[in-house]
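Here is the structure we will look at, set down as structure tokens.
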Amino acid sequence: MFEIMRKTIEWGGKTLVLETGRIARQADGAVLATMGETVVLATAVFAKKAKPGQDFFPLTVNYIEKTYAAGKIPGGFFKREGRPSEKETLVSRLIDRPIRPLFVKGFKNEVQVVCTVLQHDLENDPDIVAMCAASAALVISGAPFMGPIGGCRVGYVNDEYILNPTLDELKESKMDLVVAGTADAVMMVESEIQELSEEIVLGGVSFAHKSMQAVINGIIELAEHAAKEPFDFQPEDTDALKAEVKKAVGADLADAYTIRAKGDRHAALSAAKSKAVDTFAKSDANPAGIDPLKLISVFKELEADIVRRSILDTGIRIDGRTVDTVRPILGEVGILPRTHGSALFTRGETQAIVVATLGTGDDEQFIDALEGTYKEAFLLHYNFPPFSVGETGRMGSPGRREIGHGKLAWRALRPMLPAKEDFPYTIRLVSEITESNGSSSMATVCGASLAMMDAGVPLIRPVSGIAMGLILEKDGFAVLSDILGDEDHLGDMDFKVAGTSQGLTSLQMDIKIAGITEEIMKQALAQAKGGREHILGEMNKAMDAPREEVGDYAPKIETITIPTDKIREVIGTGGKVIREIVATTGAKVDINDEGTVKVSASDGAKIKAAIDWIKSITQEAEVGAIYDGKVVKVVDFGAFVNFFGAKDGLVHVSQISNERVAKPSDVLKEGQIVKVKLLGFDDRGKTKLSMKVVDQETGEDLSKKEAVSPEEAVNT
């Protein structure tokens, strides 16, 4: 019944098995990939003809994690998988980015790649397995795909690179680097880095590219036996048409790209496009003309040719800058004074308002992943409204691009966050892109760094980011610093680099051609370093160190540690005690299993009251210490004072004042706040307190004053 073909690849001490012919046989390509006990099914299907009027390449990649893969049932009312999680969206993009440039130019048939995680051993991350499986499925499908690609993850532990580290090894790694590429070149890089040098990161990319060759060769060997007949697709030759269009509007295009302002430049380009359409496009007046979609496609190619050639020949870019010049920068902080922290970061025509909000443990995001449930205390949300580019468009829930850009900025900033023990806040950053002309994700990194410092977050060091571009032709190449939107669109690379004065924290690279060499990557990283340092210097003009304290409108949090055997007493039966503490003091109390207690409130008095209460449960009152107390009952022989959480003690009438007190009720009233010193305990264990040895204004211990030696008295 089945014609099963299987390829086993020994890969870095692990075994990757690619199998086809048993499952999903009606798909154009289907591969079941297994590493360890992680299993992913990848399928590839493509339409056999393009839709009429199709003017772009409609590739869709869906990475889906089934909860049964980890032996779990989905939470929620419906008990089935719903909208994609953040990880599913990010991995879908991770697979899409290296395969998209490898389809034959001009191919506009719809392609859908679906990667389904069927089993997860909680050791081998399915994202790399899915990437390799998707590559294999496309290669054997017969689609005009110039692959295969390979992909792998690289860690860095004890100054050594680790291929495809396990989830446990990744926790100890200073680098989480994902690389995809062909046999000849790197296509995609995604990473989170703990302030490592450019040389170490570049070494990791080279290590990854060498390591993935085993997978690429294995896929080729599988395809030799399992691949379908190649789909007959011949890209249309448009060279003659391009020459005619260039003759008609080439000068107009060249003139348009000498205009520095984005809006004016786009208006001139639109006029040139209209002229080309009027001259060549098929219409009622010109029935023998060219199909408008085909004409627009040729027009875009001509645009790219003119811009790229100009940059390579002159070294001058669209807006008049040289290849390594960064646009003018202005950073401002505290622009929204009632928020916890805010910044406005403007670089040329790209601008972001970034707002930092500090919260408590209750504000952490609960994440239910295949690997288990956990809470995330650092959140970054990126919003890209259509008005930021002068357009109308869809508003609503974030798209894949917004989720991806937000995660890139999150990765760049996370290595510089303070330890949870030092700063026990939940941090939420929101980046509102208000203008965009290239590199809005890196503007988010810079603005977020400033906003957190404005909020009093003790960052280890500020972080800056820059987007690099590339123009690559047979006769040379140019690496561009701080690219514009047009340069991103017309260029060959989008290379985003973020880091501090000490090293890199994040790297993301997408190649639109068949890969780049190590030499180009090395130059891009070196040029990016200079750009990052310049941007960091401009940011430091706005703020170069975090504020010493959080703002007035932020919650205050203090942390104490209690013995784990006292946790039950603080919580109480059914949570009775902790609810009483919260209701009485007005503070929030959060206790974890290790005995760490976080107490938060809008003001310090509430926090102190809650902490004192908790200490009264978990600690014994200290003889000789002075406490704030409240009179709870006045009797003939003295007053009972609540002084240490729920603990009460007696201030005998003789200990109320240094002057004679006939009736305690003459000087004390119930509810009165007093300062008392714990004298000790009587034979029956009753607590003895004194007011008269404490200055009721300052809280000073008067008995210590009385005990001054004669020599000290003389000196005084």
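Cβ atoms here come from the backbone N, Cα and C positions, even for glycine.
Source: prediction; values computed, not measured.
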*According to Swiss-Prot, which stretch among 387-408, 695-716 corresponds to the feature region 'Disordered'?*
695-716
*asked:* What are the sequence-distant neighbours of Asp494 (Mg(2+) binding site), meaning same chain, six or more residues apart, C-beta distance under 8 angstroms?
replied: Ala467, Gly469, Ile483, Asp488, Gln508, Met509, Asp510, Lys512
*Can you tell me the three-state DSSP label for Asp494 (Mg(2+) binding site)?*
strand
*Collapsed DSSP category at Asp488 (Mg(2+) binding site)*: helix
*Where does the mean pLDDT land for the domain 'S1 motif' (624-692)?*
88
